[in-house]
Amino acid sequence: MLAVSHFNSSASPLVPRLADGGGGLVEAMVTAVGQLQQENVTSPQNQIGGTIVVVLFMSLGIFSNIVALFILVNAYSLQRRRSKATFLLFATSLVITDFFGHVIPGAMVLRLYLIGGVSPEDFGSSDGMCQFLGGSMVFFGLCPLFMGCAMAAERCLGVTKPLLHSSLVTKTRTKVCLSAIWLAALCVALLPCFQLGSYTYQEPRTWCFINVLNDTKEVDVAFVALFSGLGLTSLAVALVCNTISGLTLVLARIRRRPGSHHSARSHDIEMVAQLVGIMVTSCICWSPLLIFALMSVKRPIGANPSNYETLMHMGVRLATWNQILDPWVYILLRRTVLRKIYLIVKCQAGMRGGVIGRWEKSSFPSLDQKEVSQV
């Protein structure tokens, strides 16, 4: 998904009003953010600026995903460890999904920018393009969250119960799991086709999403609750699984006898580090939109809708970065890079002995070893 507009910040400074009786922090935040008045997307200057931003975002996202995909495909073709191959299959599928999730909605947003957005009389309605764009955003939004959750659960099982993992997790079952994830996300995205929710154009008339502001019905509320609930639940499960995996690895490192070697753990360290990076990125990028959607559809009676339109717009701009940052998590958090970072930190800090010193460079084998060169 692509950034869809700019904000005009020339309005008066943001001064939340908390003193007026009954005004809570959420209402103050909404009112403050609402003071950011949106520019008219149909003006030539904003249209050109928005088009440039969308093109830059698309170029950056395409480049990031192609680089990560090349590294992942090469590593997967050379990998012989089954647990690592399973992780790489998940990661490759995630990058491919992010790539299409960046290009397909981005192309439609770019088209809307080029025509100056939908006309005011069409705003609040839903045509074929809006249905496809809204469905794409829901589908490509849920898929990375589901995959991150599945990857965290798979690694948690591999770290805590390696024997059970080796007997349960296979390439075939991994592919079935991926197919189930894509199918589940597609089923949620297609709910409006069965009158179970709806998609509408959103301010500033350059993107479509679930109807959370204009004449919402009970099915719209249920649809938003389902989308946000699934997303937040996936993030919570990933957080729990990654925490368990990380603590298990730390305890295993502390209990390990000095001088002993366990090269297999280096794979687990690498994969858990990447999963934590993916989880943190998803939390930062997706949590605002998931929360703002719930806030908007359950806003107090009489609240100014434009304030919530601004929040939704900010949320989708943050969500845009997820598909750009995800590939760099894998690119930067590989063993070769982690080992270099470790050596630099150890050299700078002058660490000697102790628990931290046990994270010796045997955890990240030499770069000339065949196992690392494959990744």
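Sequential numbering from 1, following the chain as shown.
Every residue gets a Cβ built from N, Cα and C, even glycine.
TrEMBL has this to say about the protein:
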TRANSMEM  48-73  transmembrane segment
DOMAIN    64-330  domain 'G-protein coupled receptors family 1 profile'
TRANSMEM  85-112  transmembrane segment
TRANSMEM  132-153  transmembrane segment
TRANSMEM  174-201  transmembrane segment
TRANSMEM  221-251  transmembrane segment
TRANSMEM  272-294  transmembrane segment
Long-range environment of the transmembrane segment (174-201) - Cβ separation under 8 angstroms, sequence gap at least 6: 86, 89-90, 93, 97, 118, 122-126, 130-131, 133-136, 138-139, 142-143, 146-147, 150, 154, 207-211, 214, 217, 219-220, 222-224, 226-227, 230
Dominant neighbour of the transmembrane segment (132-153) in 48-73, 85-112, 221-251, 272-294, by Cβ pairs under 8 Å: 85-112
Same-chain residue ranges lying at least 6 outside the transmembrane segment (85-112) that approach it to Cβ under 8 Å: 1-2, 4, 51, 54-55, 57-58, 61-62, 65-66, 68-69, 72-73, 75-76, 79, 118, 129, 132-133, 136-137, 139-141, 143-144, 147-148, 150-151, 154-155, 169-171, 174-175, 178, 182, 205-207, 271, 274, 278, 322-324, 326-327, 330
Distal contacts, the transmembrane segment (221-251) - CB-CB under 8 A, six or more residues away: 138, 141-142, 145-146, 148-149, 151-153, 155-156, 159-160, 188, 191-192, 196-198, 210, 212, 265, 268-269, 272, 275-276, 279, 282-283, 286-287, 290-291, 293-294, 297-298
